Amino acid sequence: KEGECFSPTPSSMLAESLVVFTIVLCVHMVVWDRYSWCAIALAIQAFYIQFKWDRLLQLGGAVFQFRTTANSGLLPASMVIPLLGIVMKERCKTSGIVYFERFGIVVASTGMVIALFLSVIAVGITKPVPTNTCILSGVAGSLIIYTMKHSLTVSEVVEVLEVLLIFVYLSMILLYLLPRCFSPGEALLVLGGISFILNQLIKRSLNLIEGRGDPIDFFLLVLVVGVVLLGIFFTVLFLFMDSGTWTSSMFFHMMTAVLGLGVIMPWLYRLIRRNPLFWLLQFLFQTQTRVYLLGYWTLLAASACTVVLYQNAKRSSESKKHQAPTVIRKCFHFIVVATYVPGLIYDPQLLYVAAVLCLAVFIFLEYVRYFRIKPFGQMLRHLLSLFLDERDSGPLILTHIYLLLGMSLPVWLFPRPCAHKGFLSGTGALVPYSGVLAVGVGDTIASVFGSTMGEIKWPGTKKTFEGTMTAIFAQIIAVALILIFDISVNLNSSYAWILGSISLVSLLEAYTTQIDNLFLPLYLQILLMA
């Protein structure tokens, strides 16, 4: 079926690499500077390295256990963070905001260094050692280090190395505790992002200047780091005790409250200089529009829960049917689109905070399910098992969290300070809608139409030509509707670039075996920001 994971073939891997190379070249046609050579060199060496990772995965020679239904995905993952930093730097340079321009340079450099680290690991554990690939990695690494030496200050170099160190330790912990949850590329993107967030939180906490930064940015940093540290703490703890007893469950809830009220709340208080709960309540109910949006979102959440309960009741009455069909799973994509579009139009800041809260709730509920915490742990295991697919081959169920991340990352990563000086003209105005277009509309329509009416398959995949073409057409219609209903969007006749960006990302969806909910919105955001 359209949307199911498949065993990667050489033709599909080459096609995926070709699409990624095309995106890299398109970005650097517009944004060409000293980092362009680094990005192209990184892409070439990642292309060769990913075949080494694939061979290690097939032979079982990888250091950790990775997802078996996907290729390594090193090339598409290696380019996301560097390209995002490069286009952010260029956009903020045009706006004249030096702080975020330098921040973009640090993001790009960090992404390149983390990708090089994974490349060195793959080359180091491949037997016999591939000479030509080693030379390519050495050339790319030398070019990147030389460019960083002449572009970064000493403090920025230290920051990049700090993120790399956090990434190394975080990878050793999480990939050991969570086998088969990630491909190497997904691990690079997810753990690299968490490492960068943790480093930013530490940096801002130590160098706090009163009045510097937006409270909602601190809200995101603290909650993401808090729930990750909470998960690591309980995973280590429950290695030594049974998590399914009432005693362990009471201890889980008690320690969650202690860590939340004793660590996360004081940390937030130090950063935003006010009581976090009072600030949050005041923020959520500040205007009548926000009250209406919160009520509307509550109804949508109730409808999503109703779908889950109805499908499980149906499964009980039809014992032969063990999995929800593609159309039912994609209903959640439509619900998420109905959630995000009004938020983006009427109150993006409220959507930003609500998405952070929702992410924290999703991760907490996954802890409850994974550790079988009473009284709801076993029930969540039963309810969510209906919606599993091959991508959930590890101990965690992450697809719904990836869906939320894919829709939210363009909102969170949107450089708001740069938006006040011309960002909202041209394709940049569509950047917050990247998740809605790529995942909510494109991926959903491709899956539904491809699985029901698709006949012509793309070579080496189970995705269909009809599904991809329908997805492109649906996203074009969605852009037209955004232009009608969101008066702040002004594309300035940049329709050809939008069509090309949507088409490239739709082709990537057809060929990639990585988590499309995570990769597609980021690539569309990169193209629209360029």
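Any Cβ shown, glycine's included, is placed from N, Cα and C.
Residues annotated as transmembrane segment in TrEMBL: 100-123, 129-148, 160-178, 218-239, 251-269, 289-310, 331-346, 352-372, 393-413, 433-456, 468-489, 495-512 (among others).
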Region pair the transmembrane segment (331-346) / the transmembrane segment (393-413), three or more CB pairs under 8 Å: yes
Spell out yes or no: are there three or more C-beta pairs under 8 angstroms between the transmembrane segment (433-456) and the transmembrane segment (495-512), with each pair 6 or more apart in sequence? yes
Can you name the far-off residues of the same chain, 6+ from the ends of the transmembrane segment (100-123), with a Cβ under 8 Å from a Cβ of it? 35, 38-39, 42, 45-46, 49, 52-53, 56, 63, 74, 77-78, 80-93, 129-130, 133-134, 137, 140-141, 144, 148, 151-152, 156, 159-161, 163-164, 167-168, 184, 188, 192, 195-196, 415, 417-418
Other than its close neighbours in sequence, what residues sit by the transmembrane segment (289-310), given a CB gap under 8 Å and a spacing of at least six beyond its ends? 328, 331-332, 335, 338-339, 342-343, 346-347, 350, 354, 383-384, 386-387
State the non-local partners of the transmembrane segment (495-512) in its own chain: residues 6+ outside its ends, Cβ under 8 Å from one of its Cβ atoms. 12, 15-16, 19-20, 22-23, 26, 73, 76, 427, 430, 437-438, 442-443, 446, 458, 460-461, 463, 467-468, 471-472, 475-476, 479, 519-520, 523-524, 527-528
